[in-house]
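Below, the features straight out of Swiss-Prot:
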| type | residues | note |
| --- | --- | --- |
| ACT_SITE | His201 | active site |
| ACT_SITE | His244 | active site |
| ACT_SITE | Asp248 | active site |
| TOPO_DOM | 241-327 | topological domain 'Cytoplasmic' |
| TRANSMEM | 54-74 | transmembrane segment |
| TRANSMEM | 99-119 | transmembrane segment |
| TRANSMEM | 131-151 | transmembrane segment |
| TRANSMEM | 192-212 | transmembrane segment |
| TRANSMEM | 220-240 | transmembrane segment |
Amino acid sequence: MKKDAENENLLHAYEHDEQSSKYFIKPDSRYSIDDDISVKIDGKQLEVRKWPTLLATAMVGVGWLSNEVALAWVHERVPDDYHPLPDLFFSHFPEIRGAIRIAEYIMMILLISALLVMFTHQHRWIVIRRVFFCIAMAYSFRALCVTIFQVPVPSINTYCAPKSNSSLELVAGRVVKMFWSAGIEQLRPRELCGDLIVSGHTLTIFTAFLVFKTYAPQRLQPLSHIYHVLAFTALFSILLARKHYMIDIVLGYTVSTRIFMEYHALAASYHNRTFETNPLAWSFWSFFIPIFECDAPANMHNHLLLYNRSTSSKNVSTLKKSRRSFE
C-alpha cells in the first residue's frame, strides 16, 4: 500500500511538471460538470432542466414537418417516364409486394419498445432529449437529400398519384393529409412518390434498436440480440417490396447509426472533460452537447456503466477515488 501511494505521488508530480504536461490532454474548463458518480448508485433523481428536452422535441417536429413538405413538393418532380434504376439486390431477388407489412410490423415492435424504455428510464428527461435530437438531425438530413435529388420509383407496380402543380395550397393539403400517418403504409396507402434517398423506415428502425440496446435494463438486454436480427429482417423486407433502392437502405443505416454513436461519443467526451480536444466536436451541431448534457449525471456517460453495465457500485467507488487522486 505504501508503495502504491508513492507511485501515485510520483505520477501526480509528473503530470504537473511543466516539461511533461504537454504529453497529457488537459481537461476542458469551459463547462461546469457535475462529477458526482454516487447519484445513480444511490438511485436519486437529479433535478434536470425541462426546456432542453422541449427544445429537442420541437426539433423533431421541425424535422418531421420538413420531410412531409419535401415529399409534397418533390412529387411533381419525380421522373415518371423512366424505368427503375439498376440495383444489385433487384437483380437477384424477386419483388414481393406484401413484404412491406413485415417491415412495418417489425418497425412498430422496435418503436414501441424504444418508447417504453425512454419514458420509463430513471433519467427519462435526459434520454428523451438525446434520442429526439438524434432523430431530428437524421430526418433533417433526409429532407435535404429528398429535396435535392429525385430518382424513378423502384418498381413499375408502384402507384403514384397524378401530378398537378406545386402551389402552396396543394403542398399544404398534402402535408395535412400525410402528417398523422407517420409514413406507415398500413395507416395510409402510399400515393405520393419521391422520398427515396435515405430510407425513413431504416432511420426509425435502427434508431429505435440503438435506443433499446443502449438504455434498456440489463435483464432485457438478451432481447437486443433478437431485435438486431429483426431490424435487418425489416431492411430485407423493404427491399423485397421494392419500396427503396439498396443505396437508400445503406444511407439510412449509415446516417442513423453514425449520428446516434457520434452524439453519445461526444456526450461521453464532454463528461470526461475531453470535449474540446475531441475531433468529433468539429461537427457544426456539437454546440448542442453542452446545452443538453450539462445537467446530466456523469456516470450515465461512462462507457462501462452506460453500455455494458458491467461495473458494480464497488468498482464505481474505486473509480471515483482513483480519478480524483490524480486531480
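Every residue gets a Cβ built from N, Cα and C, even glycine.
Here the structure is a predicted model, which means the values were calculated and not measured.
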If you count every Cβ pair below 8 Å, which range out of 54-74, 99-119, 131-151, 192-212 shares the most with the transmembrane segment (220-240)?
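Selected stretch: 99-119, with the most Cβ pairs under 8 Å.
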Near the transmembrane segment (54-74), which residues from the same chain, at least 6 beyond its ends, have a CB less than 8 A from one of its CBs?
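Same-chain contacts beyond the ends: 128-130, 132-133, 135-140, 142-143, 146-147, 150, 166, 170-172, 174-175, 178-179, 192, 194-195, 200, 291-292.
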Just checking, which of His201, His244 (active-site residues) has the fewest C-beta atoms within 10 Å of its C-beta?
His201
Measuring Cα to Cα, tell me the gap between His244 (active site) and His201 (active site) in whole angstrom.
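Between the alpha carbons of His244 (active site) and His201 (active site) there are 10 Å.
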Tally every other Cβ atom lying within 10 Å of the Cβ atom of Asp248 (active site).
25
Mean pLDDT for the topological domain 'Cytoplasmic' (241-327), as a whole number?
76
C-alpha of Asp248 (active site) to C-alpha of His201 (active site): distance in Å?
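With the alpha carbons as reference points, the distance is 10 Å.
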Using DSSP and collapsing to three states, where does His244 (active site) fall: helix, strand or coil?
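Reduced to three states, the DSSP call for His244 (active site) is coil.
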If H, G and I count as helix, E and B as strand, and all else as coil, what does DSSP give for His201 (active site)?
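The residue in question, His201 (active site), is helix (DSSP, three-state).
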